[in-house]
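Sharing a structure with you now.
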Amino acid sequence: MYYYRYESAEVSCCYKYLMFSYNIIFWLAGAAFIAAGFWAWSEKGILLDLTQVTQLHGFDPVWLVLVVGGVTFILGFAGCVGALRENICLLKFFSGVIGFIFILELTVAVLAVVFQSQVREWINDFFLANIRAYRDDIDLQNLIDSLQKMNHCCGAQEPEDWDLNVYFSCNGSHRSREKCGVPFSCCVTDPADSVVNTQCGYDVRNRPKVRDWSDHIYVKGCIAALEDWLPGNLYTVAIIFIVISLLQMVGIYLARTLISDIEKVKFSY
């Protein structure tokens, strides 16, 4: 019985260590994300009482950090070990998951374009839900403040959306000092000010006319600000998406090429 032998019956060291180097970065990045997520939870005392995770009615940004970190860590680990040990199963798992993520990203992008009105409504409801939970979680609070400051906006559609938050609501008999106000991130700031005035939004919505508000706070909603931002930055978004897609394609190409080399070596004997 004769067996066909390839002239070079060995796995390419070039692809093998390129694959390892490619994944070691993801592995370390995933570990860093996970560590940052658990550190954030420890700072909030959640690790001492995990039931607090279910008590937040809004979005906890730490969950996103942990999920991204966990997926990145697992993929990086599978890629690194698969490359070094020439393990076909791990390499197929890596390339399969990366391919699934790419298809998922592409599907989400297409659906977002096709169902723009529904996506807009979902984002609006999501933002309003997190306005209600603004004071419940420090990370959520910082996220909303950053969004409002960067985009010069206030609320989802308008500053009046802050009536949904129990601390800022003009309705009811609560005695919060922030009643009928908005967070400081809604305030129009002077670039010359070196100290942030966290009380600048107090009582702003007690003023009778909305045009009086514009001297002190941003009156555009964050949904409208996002819609204004997207057309002017469409090329930037497209370039980011293309770069991410190319990185994913490189990972799949390295994994599939390495799998092919390993299979050639196995079947050559």
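The backbone N, Cα and C atoms fix where each Cβ goes, and this holds for glycine too.
All annotation found in TrEMBL is predicted automatically rather than curated by experts.
Small disclaimer: the values here were computed from a predicted structure and weren't measured.
From TrEMBL, here are the annotated features:
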TRANSMEM  20-41  transmembrane segment
TRANSMEM  61-81  transmembrane segment
TRANSMEM  93-115  transmembrane segment
DISULFID  C153-C186  disulfide bond
DISULFID  C154-C170  disulfide bond
TRANSMEM  234-255  transmembrane segment
Below 8 angstroms Cβ to Cβ, which residues of this chain, lying six or more residues outside the transmembrane segment (93-115), approach it?
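Contacts with the transmembrane segment (93-115): 23, 75, 78-79, 82, 241, 244-245, 248-249, 251-252, 255-256, 259.
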Based on Cβ atoms within 10 Å, give me the single least packed residue among the disulfide-bonded residues C153, C170.
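Selected from the disulfide-bonded residues C153, C170 on minimum Cβ neighbours within 10 Å: C170.
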